[in-house]
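So that you can see what the record holds, here are the features copied from Swiss-Prot:
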type: BINDING; residues: HIS83, HIS182; note: heme b b562 binding site
type: BINDING; residues: HIS97, HIS196; note: heme b b566 binding site
type: BINDING; residues: HIS201; note: ubiquinone binding site
type: TRANSMEM; residues: 33-53; note: transmembrane segment
type: TRANSMEM; residues: 77-98; note: transmembrane segment
type: TRANSMEM; residues: 113-133; note: transmembrane segment
type: TRANSMEM; residues: 178-198; note: transmembrane segment
type: TRANSMEM; residues: 226-246; note: transmembrane segment
type: TRANSMEM; residues: 288-308; note: transmembrane segment
type: TRANSMEM; residues: 320-340; note: transmembrane segment
type: TRANSMEM; residues: 347-367; note: transmembrane segment
Amino acid sequence: MTNIRKTHPLTKILNNTFIDLPTPSNISSWWNFGSLLGLCLIMQILTGLFLAMHYTPDTSTAFSSVAHICRDVNYGWFIRYLHANGASMFFICLYAHIGRGLYYGSYMFQETWNIGVLLLLTVMATAFVGYVLPWGQMSFWGATVITNLLSAIPYIGTTLVEWIWGGFSVDKATLTRFFAFHFILPFIITALAAVHLLFLHETGSNNPTGIPSNMDMIPFHPYYTIKDILGALFLILTLLALTLFAPDLLGDPDNYTPANPLSTPAHIKPEWYFLFAYAILRSIPNKLGGVLALLLSILILIFIPMLQTSKQRSMMFRPFSQLLFWTLIADLLTLTWIGGQPVEHPYIIVGQLASILYFFLILVLMPTVSLIENKLLKW
């Protein structure tokens, strides 16, 4: 008798996705981040659901409702900090996942890659609207500054900003709609993640060498289920350590002050995971130019497959490309640091140089070095 796992319409889908899925035999721990992102998403939806049971999306009570969650709700403080730090873990996994894709040439699966870029944008939007909800100083001013960037769009900009705000400033209507967006977007992310997996399983996974994977495949279960569980344990351990020992390490102290439209914080800055893009935005003195650079810093990922000039898919055997890749990572870390600094000398010039280097590396240096490496293959 055939196993019900392989015949029942529902279990058949799960079986072909998580159990009998043919997987390359040599994928490293860098391939763990996909499942970790799934775990992060589930944790964020669950903790968010419990927070939403006690939160009130109203300007007069939002801040105190978060304080109420932390003080009066059973384990409310724990759920709140799991959710806040869970977002940080989400972005760490997300950036590692994208970095792995860049390093090993996974972007050559173009449909999977493009859905991935769309997922990144959706997660960033979710994190942004979520940061506004506690209605602290940084929530309010972050929302004001970032939504105001849309006013740089010629002709329709100001109208668009007021339409998003639901008034002439960030107020009650803005908070209510941001809560609605923050609630619905994770479910859209879940649907997109399913499509992401669908496209991935059409081609099968890439592997560190970059050569076709169908030479040597093994079933996903038990080999990679056990490996993913190990990764998940590391993730949960890190998240718990962060939540229980240093819950405010990655947050901003200004957000413990209730939102006040009459008092601007000394340094308005987003959460750490947006700082690299914020630094690129600030490095251009022109408003529209800055907004375009900000958009391009993320959307440049869509053009990566078109910039592939190497005959080899992976960087595993390309030392010069490896050097440039790690230079790019160092540059992104520099931008992250600059994004958190005040706008003064020497941070301004460092930010401008790091921004130029970011685009120059991706658009010029990496494709050129790949062509040189192609020549070296013939030696």
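Just so it is clear, glycine is given a Cβ too, placed from its N, Cα and C backbone atoms.
Taking CA atoms as the reference points, HIS196 (heme b b566 binding site) and HIS182 (heme b b562 binding site) are 21 Å apart. Within the chain carrying the transmembrane segment (347-367), a Cβ under 8 angstroms from the stretch's Cβ atoms is held by residues 279-280, 282-284, 293, 296-297, 300, 304, 307-309, 321, 324-325, 327-328, 331-332, 334-335, 338-339, 341, all 6 or more beyond its ends.
At the 8 Å Cβ cutoff, the transmembrane segment (178-198) and the transmembrane segment (113-133) share at least 3 close pairs (sequence separation 6 or more) and count as touching. Just so you know, the Cβ of the residue listed as 'ubiquinone binding site' picks up 14 other Cβ atoms within 10 Å once every protein chain is counted. Rounded to a whole value, the Cα-Cα separation of HIS182 (heme b b562 binding site) and the residue listed as 'ubiquinone binding site' is 29 Å.
Counting in whole angstrom, HIS97 (heme b b566 binding site) lies 17 from the residue listed as 'ubiquinone binding site' by their C-alpha atoms.
For HIS83 (heme b b562 binding site), applying a Cβ distance below 8 Å and a minimum sequence separation of six or more within one chain yields GLN44, THR47, GLY48, LEU51.
Of the two recorded stretches, the transmembrane segment (226-246) does not lie close to the transmembrane segment (320-340), with fewer than three CB pairs under 8 Å once pairs fewer than 6 apart in sequence are set aside.
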